[in-house]
Amino acid sequence: MDKQSASGEIPAMRWEPYHRRDPRNAKELSKTTSRGYFLDHLEDFDSQFFGISPKEAEQMDPQQRISLEVAWEALEDAGIPAKGLSGSDTAVFWGVNSDDYSKLVLEDLPNIEAWMGIGTAYCGIPNRISYHLNLMGPSTAVDAACASSLVAIHHGVQAIQLGESKIAIVGGVNALCGPGLTRVLDKAGAISSEGFCRSFDDEAKGYGRGEGAAAIILKNLSRAINDKDRILAVIKGSAVAQDGKTNGIMAPNAKAQQLVAQNALAVGNIDPLTVRYVEAHATSTPLGDPTEISAIAAVYGVGRDSQDPCFIGSIKPNIGHLEAGAGAMGFIKATLAIRKGILPPQANLNKLNSRIDWDKAGVKVVQEATKWPETDTIRRASICSYGYGGTVSHAVIEQFLPLSGLESLQTQSPDGPGVLLLSGPQQKRLSVQAETLRKWIAQDGRNHDLSSVLTTLATRRDHHDYRAAMVVESHDDAETALEALAKGADHPLVAQGRVLGTDIRKDVVWVFSGHGAQWTDMGKELLNNPVFYRAIQPLDELVQAEIGLSPIEMLLTGDFDSSDRVQILTYIMQIGISAVLKSNGVFPQAIIGHSVGEIAASVVAGALTPAEGALIVTRRAALYRRVMGQGGMILVNLPASQVEQELGQREDLVVAIESSPSSCVVAGDRDVVAQAAESFKERGVKTFTVKTDIAFHSPTLNGLIDPMLEALAEDLAPSTPTVRLFSTSLVDPRGQDLRDIHYWTNNMVNRVRLTSAVNAAVEEGYRIFLEVSSHPVVTHSINETLMDGGLEDFAVIPTLLRQKPTEKHILYSIAQLHCRGAEVDWKAQLPGPWADGLPTTTWMHKPIWRKIESAPLHTGLTHDVEKHTLLGQRIGIAGTNTTVYTTRLDNDTKPFPGSHPLHGTEIVPAAGLINTFMKGTGGRRLQNVVLRVPVAINAPRSVQVVVQEDQVKIMSRLLSDTPQATEDDSSWATHTTAYWARDIQEAVDPIDIAAVKKRLGTRIRDDFSINYLDQVGVSAMGFPWAITEHYHKDKEMIARVDVNPAVTGDAPLPWDSSSWAPILDAATSVGSTVFGTPALRMPAQIDRVDIFTSQDPPKIGWLYVEDASDAAPTSHVSVLNEAGEVVAKFTAMRFSEIEGTPGVSGSMESLVHQLAWPPATPAEEPLSIDTVLLVSSDAATMRQYANTIPRGVRSFEFSSVQDLISQDKSGLRLDKGTAVAYIPGEVQSLEEIPAASESFTWEVLELVKYIVKGGLPLKAFILTSNVGSGETPTALAQAPLFGLARIIASEHPDLGCLIDSENPVFPLTAMRYIQGADVIRINDDVARTARLRSLPRNKLHPASQPPRLLPRSEGTYLITGGLGVLGLETADFLVENGARRLILISRRALPPRRTWDAAPSDLQPTLAKIRNLESRGATVHILPLDISHPAAATQLSTALDTLSLPPVLGVVHAAGVLDNQLILETTRDAFTRVLAPKIAGALALHAVFPPNTLDFFLLFSSCGNLFGFPGQASYGAGNAFLDTLATHRARLGDAAVAVQWTSWRGMGMGASTEFINAELESKGITDVTRDEAFGAWLHLARYDIDHGVVLRSLAFDEGEPLPVSILTDIAVRRVGVAAAGDVPGTAAAGGADAIPSSGPELKVYLDEKIRGCVAKVLQMGAEDVDSKAALADLGVDSVMTVSLRRQLQQTLKVKVPSTLTWSHPTVSHLVGWFAEKVGK
């Protein structure tokens, strides 16, 4: 309204990455328009509000972030609680056109992460809104350039009109994160160099780009009226079109703009002359504005009187051109103009555009704020929006005029106090929200009726988990209460709390307490409440008729000191209070009555009428007069059981009430009670006197039973309760006895069992208790009971407090209920109109912006990796003889082509450092080369090569992740030093290669050095050299080397041919293998390195090595050309031995393992098992086991799991100490195996579900019969249970395990003493558990025999799963190793070859692979066959006969299906679908190719069944069968091998993803590359074994618990890493981080540690982690869950099961779990 313009300079941070990315950018950026309409803090986002981790938020386009916030604000402004839309068909259509952030982050290739895809996609903007609000309607991004958001509105209208959605959230967004499009628009002349929009102005020369977001909520008009919504305007019509072929695709078309406007008017049947205002697109371009005005004039200006123009305007000069968001912004401006009846003035307008004939146009620019003409019977406006690609859109809106009498629908709220609600997803938000609302109420809020404000907050806003509710009666009250909340001060009527946990029942138990709540004025104020009065008035008449006393009069006068009157008024008050609670929207879901309170409880539960309740209490009170003054009661702080034992059989003093586990009420004769009180006090036991002179619930009242039976004999007709009703008069609180006369005599004389009733409610899940009374009587007792049960998350709330305002305190109790998550029908309490204009959510923003780590590196600034040096930018130091080369080194710039790991970390080979020195100095001799510290590439580092006179050295420092870090933050390390000389004077004699070969005599294997290095842990070479001849004797060797065998003939090398590094790397490597004892050695010092030629090094040469060891391993290595001339030489190259670390180095020795079964370690404390439930369909085998169960252990037998379940339902006791033993039956033939295996596994799954879902305290064991031997069909059929058991142990770690025995002897000892195992094998009567170990040397395949597992050119090789990724890679490997005929079996057929070129794109990689195989000389046959089909063996045999190929010599079974499901969610169909290809498929192959008919039979299994990957029960079971089938065939002499693979990086069903990598890491292992996998195959080929486990172990800190015990023997420990106290179960003595042993201190400690782990994973502050919030709501996704498990395990030194965060979804839950584990 003030003609303000928001144009300004672009924030500096926006373009900063582009300055760094390329030096040329600076020049371009200096020419790019830097002014526009920018948000000051685009990077700010409240990620916590939406449960998005900062890590994920950083990967989200800011457009997604601000759209989320704006959409939320729009819903709040519309009075539509977002959570109420969950699961609805609500649509989201969002205009979006900018992908600046996407370009920014996705062009930073080394740092791309998984969530960046959806995080930067256009669709991610509406989809993110739909996802976070759980909306199920259409969710679409609309890209129509600058028309996008008005088109989105059009789509929203259509979705509602077509019935797709009832509500649509529509809008648009624009964010300018990069300079690219601005540069484009600069060159196109579309934007103004001054960064302003000057719509309609004569000086308009382009627009100023703007950013922001707009959201609009759409509803069908009739629905909005019915829902009592605030309707801002009505969309009468909208239209979208294209402007066709114009002078250019970006040129506007007036005719098209005119037609789309006419279409929109026609949709709404609107006369254009009734439209008073048009919000124009008005991009301020010389061509665009006149064109658009001509179109507007043609539609809206024709027929207009000059005094009655159509006004036009545009919001762009105020906020800029928001491009994709522009239409929505214009729509909002037009809507507000209609609503307020004022036309806003145009900004940045000095002189009207002279190219437009304004006098004839019939339209007029609004130059000053103008009141909407009153001549308009209804205000109407139109909005134009056009895209530069030709999209034209138009909408017509009008004023909403309420229907006559509509206001009468708005019921006015009652006067008096009400409840003001606030909430937030985190506790810290409440004070911020409170202060925001307080300021509003102090100013604008004064213009609103307070009840409408309360209604808005209660019924039109979302209620988050952290809540505050305050009872207020005026604006001043509200201000005071909000100020207290904002400042954290106490206020008697401000309730705060967190909703009970997500898995906790929120239903409320109303507890009606007994005698003792009375106080003088307890009902006086409530009598003014019409609801209260109406509820008790009929009862007042009844009581008067019975005893001549008026309860209402007694409440008014306070005359009710006697016990009989108190009894009556207790009932009356409870009935009245109940009515008031219900009128305020609070209802009970369960009820407990205590003493006389049971009467009102029964009435409210529907078991009695109010009149019946009044008769009971009145007539019983009359009888009480007979015993008044004779008795007494005291509350004693001792358990009822103890007091009862002390009292013995006394009748004059008894336990009358079991109040809580630690207190009770004693009743009896007056004097006896007084004496007892004194006695208890003398013992130091606290007692409290109950204000009564009657010994309720004691034998004193036995004399009243018959009179009471007589008094009520004909007057009660009890009903079945309609609300869950717990009894305190019956021994069983769940007893459903009718509340008849006998019940009430029992209620009078029997003990009150409050503790039992409360515990029964707790057992049924109730955690919220509301005491309905005039003052809390049992609240404390209920609290004690709940705390005694170990509960922490619960609420016990009183309704009234003595001497406190009753009306407000009932509301305060409701406020407290709401804060704990109880359901309150606020519309019942606040039925009136709601207010608009209340503040929306106050965002707690934090800057979140992706730091662009890498930038393209340019010549001269870094080293040339093809030259194999670290020589980067050369800097001469003025006035010195010093030259410095600087560069950056990381994985992308390593100066060697291969891999050179040491202990799992890539390092620059020594040859690369020497090459660097030679090239950097220009010298040909190095002396005293000292290799101090390897140059590691594990993290980016800055490297300097310093040449200072005759010295040279290499130094580096790590590059800090912190932008503010200075060079001093990371000290420089010196890696290598040397002295250099330019010329060599001495000559060197050639070496007679033939003579040396003859002298040595013995030619050894060409791969001797490679195998030697592989054996000691060197997994790969930095350069691809190969030895082609090798001779060795004693301390000499000579070897012919080819630095790149893949390059043949005259083809150029793939690097700079002048580099000496490749051949010198061969020299240092071969030179370390001359020593007799293999060890991992590195060059440490070299006396001299000489280069004797100025020519390039030879591609093929010879290495002459001499062992020159003295104190240390030392060698001389001469590099010869083919003529024997010495071209280079290492003199006295000394090596230092490095401690090997298998598993980290990556050698084949460390990648390939076998499964061993060493004896298990027994536990010190045995598991208690006194009862065994045997389950088996094989009665004979079950009887064998049963006969060996030791005496003293009970046993029961069941024919199936279903039999056990049915017996349980009929009353079988299943206590702690009971174990279920499932015994799969025997199988006689191979044909029975598939059905039997499926039956066995499914029975076990049913057993697990039965135990876990039922929460039964049982252990479960699976007892198999010698599966480990693989000898029999029984062993094969039971084998899948091995894999299944490991998955069960992973998902439910405390359940039990599988025990495999050679004989059917019941393994009770193993059950009791071998704890924490998943599979136990009993061999030679010794219990054993699995461990991974190195392959046994005694199993090496004799070198004299043909190699195993490799193809021969004359054979045929068959691969199942042949068209899968692994199948095709296997085919490639076999062809690479000589196979020439392949049969690829797949369930899918390929199209005819003639159609391959036209095949779908997703099939082309497969076809290309096959063509490649054929181009290399292989014949490939595709056999479409389901190998798991029952007839597969026959079909395969027939197909082989038809093909008439040479014999099949090798089979690879790589077929498989993966369908991950947690055990509790597994279905039989899904389980079988995965199991069949593994079992039936393997058996079909076994039948077609019996043992000893092939060269090899290779089965692709998985290490997942050894490590227990959660969700892979079916997959693990199937792979366990393959493992045993390999054993079975091997026992028969067959070359069968099962390979238990880890994940192949980027390939197959286990293709490495962020989630799979995290899951592997959580188990302590990692994936392998394709080359490593086939290297493992070749390594396995050297051994005669039936299985190999291929994986790489991670390194663990000393003292860190292993995630799985199977790694015990191969795990690598980082020695010396652990600090004092890091050993499991210990802490540094007296250290600051010592773990408390138990109690509250332990829980505080664990809460801090666990929140720290969560914060680390989420990349947020620990203070922002809410202990009671669901981890998923904090932003922990499936990938982060795995990372979190490892963090917890490392921090707390406790093994963490894979499903822990699923079953314990909050930090508080985790604290409880870890407290139990750490406590042990």
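Backbone N, Cα and C define each Cβ position, glycine as well.
Contacts of Cys146 (active site, for beta-ketoacyl synthase activity) defined by a Cβ separation under 8 A and a same-chain sequence distance of 6+ are given as Asn97, His281, Thr283, His321, Glu323, Ala324, Ala326, Gly327, Ser385, Tyr386, Gly387, Tyr388, in order along the sequence. Residues annotated as active site, for beta-ketoacyl synthase activity in Swiss-Prot: Cys146 (among others).
Around His281 (active site, for beta-ketoacyl synthase activity), a 10 Å sphere centred on its CB holds 31 further CB atoms from the protein chains shown. For His281 (among others), the entry in Swiss-Prot reads active site, for beta-ketoacyl synthase activity, with the evidence type sequence analysis.
Annotation comment: Swiss-Prot describes His321 (among others) as active site, for beta-ketoacyl synthase activity. Cβ neighbours within 10 Å of His321 (active site, for beta-ketoacyl synthase activity), excluding its own Cβ and spanning all shown chains: 31.
Sequence-distant contacts (6 or more apart, same chain, Cβ under 8 Å) of His900 (active site, proton acceptor) comprise Glu906, Ile907, Val908, Pro909, Ala1020, Met1021, Gly1022. Annotation note: His900 (active site, proton acceptor) sits in a coil segment as assigned by DSSP. Taken from Swiss-Prot, the feature active site, proton acceptor covers His900.
Counting only residues at least six positions away in the same chain, the Cβ atoms of Phe896, Pro909, Ala910, Ala911, Gly912, Met1021, Gly1022, Phe1023, Trp1025 sit under 8 Å from the Cβ of Asp1065 (active site, proton donor). The active site, proton donor feature in Swiss-Prot is assigned to Asp1065.
If you look up Swiss-Prot, you'll see 16-30 marked as compositional bias 'Basic and acidic residues'.
For 509-823, the entry in Swiss-Prot reads region 'Malonyl-CoA:ACP transacylase (MAT) domain', with the evidence type sequence analysis.
If you look up Swiss-Prot, you'll see 868-987 marked as region 'N-terminal hotdog fold'. DSSP labels the residues of the region 'N-terminal hotdog fold' (868-987) in these numbers: 18 helix, 50 strand, 52 coil.
Taken from Swiss-Prot, the feature region 'Dehydratase (DH) domain' applies to 868-1139.
Annotation comment: Swiss-Prot describes 1001-1144 as region 'C-terminal hotdog fold', evidence class sequence analysis.
Classification of Cys146 (active site, for beta-ketoacyl synthase activity) by DSSP places it within a strand. DSSP classifies His321 (active site, for beta-ketoacyl synthase activity) as strand under the three-state reduction.
The residues of the region 'C-terminal hotdog fold' (1001-1144), classed with DSSP into helix (H, G, I), strand (E, B) and coil, number 19 helix, 54 strand, 71 coil.
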